[in-house]
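Colleague: Below is one structure. I have some questions about it.
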Amino acid sequence: MVAKFKCPCFPGHVKLIETTGLTRTFQSRRGPVHAVRGIDLTVPEGEILGFLGPNGAGKTTTLRMLTTLLPPTGGTARVAGCDLAADTAGVRRRIGYVAQSSGVDPHISVLEELVTQARLYRLSKAQAATRAEELLHDLDLTALAHRPTGALSGGQRRRLDIAMALTHRPPLLFLDEPTTGLDPRSRADLWQLVRRLRDEHGTTVFLTTHYLDEADALADRIVVVDHGLISAEGTPAELKTRYAGSADATLQDAFLAITGHDLTTGTTGTTGDDPTAGSARRRTRSHA
Amino acid sequence: MTAATAPLTPLDPLGPSSPRRWSAPAADTALIFGRYARQTLRSRYQMAFGILQPLLYLVFFGPLLTHVRLGSAGSSWQVLVPGLLLQLSLFGSAFAGFSIIIEKNHGIVERMRCTPVSRLALLLGRVLRDACLFVAQGVLLVLAALAMGLRAPLPGILIGFAFVGLLTVSLASLSYAVALNVDRPQEYGPLVNAFTMPSMLLSGLMLPMTLAPGWLNAISHLVPFRYLVDGMRDAYLGHYATGAVLEGVAVALALAACSLTVGTRVFRRAGA
């Protein structure tokens, strides 16, 4: 294990995500759908980035590109020090991804899923077993090791998902709406865990969420996307001051001013959502 | 990965990560195969129901043929059993796609595609499990057929299992490739029927196409399985170096190569 790199004169110098003009256009029967129109994004090491936007804004498409699941149609990106297009395998070895759907088989035990996941990252059998033990212990799942994953509660499942994403010690973790559907207690636990990963271990976190209080509580910096472009970015306080007129305003007010959407209720303001964009994208994706 | 490091501490973002190994695709395939083999062993239903349909044909249809002239040198069992074995593979493989639709909806496929695991292994691990399952079921079917009256040379029977394995690798690959592009099992079912029924009828799985009128015989030559059935029937008669066997092997290998290529491509860049 190489000693952790910290540039002494310029902390936060290492950029874990760097994109230029990142674009994704889908071809649908009704012509091209511009899901992401050119995103320039920089995420320094150790940052928790909140990636917000209304439904159909290009959030998920951006996330799928950065996690190697979807090839961009334009622009460049370096993720965790590797070029997304030229060294996809390198990116995959260095990132952890917690998707919305948890991605475990409900009939397979917690331990078996963890060990298999570690081995997918090419850990040896012995290493994988050790790593699974460590993670079970650290994420308070040891007592559940032999349960089928389908028997876990929502909060336990999310902890398992995060454990699965950490088997290979990724310096960069992607979380896609991690607390959707969780009870308040599990949500608070998860926030705690994310903070701990960053504060104590220096993990960089890229987080999408629908909950503005979550972004406010967790994110060092917020990027708002709308219609496939970045429409605002800054710390929560900066966004509140700039768009809602006061640092005491809620992030909700700022968000409404930026996008014209009310994120929590899903009602549309002045700009208007494009419901066809989402369905066309789903359709093209399923025929890709 | 030293013991001194705290479990949650990540690796250096710009440091070396786990090395690439030349043997990685083979190890990955073994890993994926193991996962799905264990899954199959856990579900006894899958083991039992797959063999039910060909077994019914064997017991309730086979005896009808024993006194019918099939235009073949051996007994009617030597004609029927190869067809039933390929039927087992045809239907079983086509239905294999259902499992991956469920996995896709759980996010399992995407979770694995996000790891550095070989894309070929994601496919091959699964189809090799299917091949093992259907060859094992084929062994049971042949044992039952021996009890019903089948007599065939052992090398011929073994060649037959190789055909079953190869056909399964091909069809299961295509099955997964198609299923990954379908969102719901309800959409996949009709596709399976639209494919399997004509394939079964037009390849002479039940009765040899030599009985068919010219036009039907001509159409059946466009269906690749026809060549596998004919080759397998020759092998069951103890004729190993015939044109039909060679054609069967060639078609089976070509089909497997194409299907694996298509399937791997889908795992590489699917909307899974």
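Here, residue 1 is simply the first one shown, and the rest follow in order.
Glycine is no exception: its Cβ is also placed from the backbone N, Cα and C atoms.
For B:1-22, the entry in TrEMBL reads region 'Disordered'. What TrEMBL lists as transmembrane segment is B:45-65, B:77-102, B:131-150, B:156-179, B:191-216, B:236-262. TrEMBL lists B:45-270 with the feature domain 'ABC transmembrane type-2'.
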Colleague: Are there at least 3 C-beta pairs under 8 angstroms linking the transmembrane segment (B:236-262) and the transmembrane segment (B:156-179), leaving out pairs fewer than 6 apart in sequence?
Modeller: yes
Colleague: Counting only residues 6 or more past its boundaries, what in the same chain has a CB within less than 8 Å of a CB in the transmembrane segment (B:191-216)?
Modeller: 57, 61, 65, 70-72, 79-80, 83-84, 86-87, 90-91, 94-95, 97, 175, 178, 182, 222-226, 228-230, 233
Colleague: Return yes if the transmembrane segment (B:45-65) and the transmembrane segment (B:131-150) have at least 3 CB pairs under 8 Å (sequence gap of 6 or more), otherwise no.
Modeller: yes
Colleague: Counting only residues 6 or more past its boundaries, what in the same chain has a CB within less than 8 Å of a CB in the transmembrane segment (B:77-102)?
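Modeller: Distal contacts: 50-51, 53-54, 57-58, 61-62, 65-66, 70, 109, 126-127, 130, 133-134, 137-138, 141-142, 145, 148-152, 160-161, 163-164, 167-168, 170-172, 174-176, 178-180, 182-185, 188, 192, 195-196, 199-200, 203-208, 225, 228-229, 232-233, 235-237.
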Colleague: Give the nonlocal contacts of the transmembrane segment (B:131-150) in its own chain as ranges (CB under 8 Å, at least six residues past its ends).
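Modeller: Residues 37, 40, 46-47, 50-51, 54-55, 58-59, 62-63, 66, 75, 77-78, 81, 84-85, 88-89, 92-93, 157, 160-161, 164-166, 168-169, 172.
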